[in-house]
Structure formats: C-alpha cells, structure tokens
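Notes follow the structure.
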Amino acid sequence: MVDIIFHYPFLGAMGDHSKKKPGTAMCVGCGSQIHDQFILRVSPDLEWHAACLKCAECSQYLDETCTCFVRDGKTYCKRDYVRLFGIKCAKCQVGFSSSDLVMRARDSVYHIECFRCSVCSRQLLPGDEFSLREHELLCRADHGLLLERAAAGSPRSPGPLPGARGLHLPDAGSGRQPALRPHVHKQTEKTTRVRTVLNEKQLHTLRTCYAANPRPDALMKEQLVEMTGLSPRVIRVWFQNKRCKDKKKSILMKQLQQQQHSDKTSLQGLTGTPLVAGSPIRHENAVQGSAVEVQTYQPPWKALSEFALQSDLDQPAFQQLVSFSESGSLGNSSGSDVTSLSSQLPDTPNSMVPSPVET
C-alpha cells in the first residue's frame, strides 16, 4: 500500500500541530531528502519521490492507474513481475493466464496439453497413475518398464524382436577363456554360446508350468520336452533364468516397500515418485511479493477550497492564501510574511489541519 503524505512545514503554525517539527523523509529510489509537497510511502517504511516510483525493468511510472510489486527493494509493474517471477509451465516454460486450467505434480505446474508422459507422449488424464522422475513425467507402463530393465541389469539395452524371445545358454565350461588342448591333435577349440529362440506357444507353455511349479521334477520336464519340442537342457536353463529374474524382482519390490514412508522409489540412480493425476484446477497466479496499490490523491488545497465554499471564511484573505501557495513564493518569503498571513486567517478546525510527515 502506498500512502500519499502531504509535506507542508509552513502550516506548522496552524492549529494544535504548531509544536511538531516535520521529520526528514529520504527517498528509497534516489537516496536524497524529499522536499516535495507530497511523498509516496510504501508500507511499512519505504518512502519515494513521485518521480522515483517506477518499474525497475521497463521504467514505467507507477501511479494510481496500475498495480506494482516490491521485491528485494525494487519495484516492478505487474507485467514485468509476472514475466520475471511468475509461475511457468514445467514443460514448455510458458506462463499461465488467470483463465487457464492447470495440472499439478508436487511443486510443478503444467498446462493440460503439456501434462504428458515424457517417453510415449501419452496425455495423462485425471485418475491415471504416473511417476515424477527428475522433473519428467512417466506413465505407469513406462515406469514399470524402466524398473524391469534396471532389475535385469541392462537399463537401456535394446530388446528382442516382437514375437520372439531370446534365451542365453551358459557355457559348458567354467566360464574361463578356452585353453589349448594338446591331447586333441594340439588344436585350439573355442566354445560357442547357443542362442535358442522361443516362439509364443513354447513360451506360454513354459510360463504356465512355471506358475504352477517353479521347480518342476524330472517327470514334468520330460512332459515339457514332448509338448514344446525343446531339449531338456534348454528347459532346465529357462527355469533357472526365470527363477533368478523373479528373485531379483522380489528383492527390488522389498526395497521399494521399505522406502514407501518417503513416497520415493529408487534403483541404481533411478528415482521417482508415484503419483495419481487429479482433476484440472483453475490457475491462481499467486506471485510472490507484496502488491503495491498506488492511491489517487487530491491537490493540496482542494479540500480547503471546498471547505471555504461551504463556510463563512473571509474570502479576500482566503484567496490571498491560495494564490500565495500556488505561486510557490512562500519558500523565499520571510517568517514575518508567514506570520502576517496566518494572522489574517480565521481559526481553522483541527480536522482540516494537515498533519506533518511521520517518520
């Protein structure tokens, strides 16, 4: 709030305020003392010249026709303050208007069109589950895919072709580099890794059996050999890999459950916050800072002129006082002129005596 305070030290001889001395008002803008007829005071203790109260960005004068804001001792018009310090969309970095509907994810605010998964670009609707990872939105499917890749130890490795699943078989040896075998004609033999590709029918059969019994016996494995046409070794290795993968996933889920108290999930640098999208809400441009309202003010003698028209004041003496104030010659006149002029005025009610500047 900006208060308009009239600064007239020569009126100190009128009424009960004759014993008060005007304080020294210093302008915050230029740092000099204010000798104007009125000063602008920004609550609580910032005082300005009328010519110094302007926007620090565009130098627009701030008066009763606009709203201004104060931040770090600087004044801004509303347009520049919203542009510099207003809330912007976390996706497109564009500001909001008062009529925009927004989506919120913790401290981030998004346009409805910008509230999309950063991987598949699918728009997140109210009720959809998503996660917030490093200020990026992820839908539930893509977030689960990242967790599975991280659990498998290859976060960004390309997957197999659609419709076929790969199965890696371990080496027959101990995993060390093949050595020379002198007992076989002194020739080097290199072990090769066989890659077996399973079709959808074989994979469905193995998964159904695994769901019923993760550790099938020999009889069950023989039946699987007949049903799938795979070798016993391939079936044995598939069950081993499946159990190992499920064990890693179980350990991961336990780690996630232990961190639910902080609503965060983490895995090898992969951090995210599970959230549920709510309904769009109307954006309220709650900019930080103190709003400043510059009030309109009247000329210093307007109220006194209106009072004179409705009272029995001596008109010649009053007109002389008004013309004397407007000519600005009072500052160069002597103290005897002020005394003789004030003696011609009738007693003025205390309610009409302007108060000096409060410091």
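Going from the start of the chain as shown, residues are counted 1 onward.
Cβ atoms here come from the backbone N, Cα and C positions, even for glycine.
Swiss-Prot records phosphoserine for one of Ser279, Ser355, namely Ser279. Feature DNA-binding region, per Swiss-Prot, maps to range 191-250 of the set 131-190, 191-250. Mean pLDDT across the region 'LIM-binding domain (LID)' (272-301) comes to 60 in this model.
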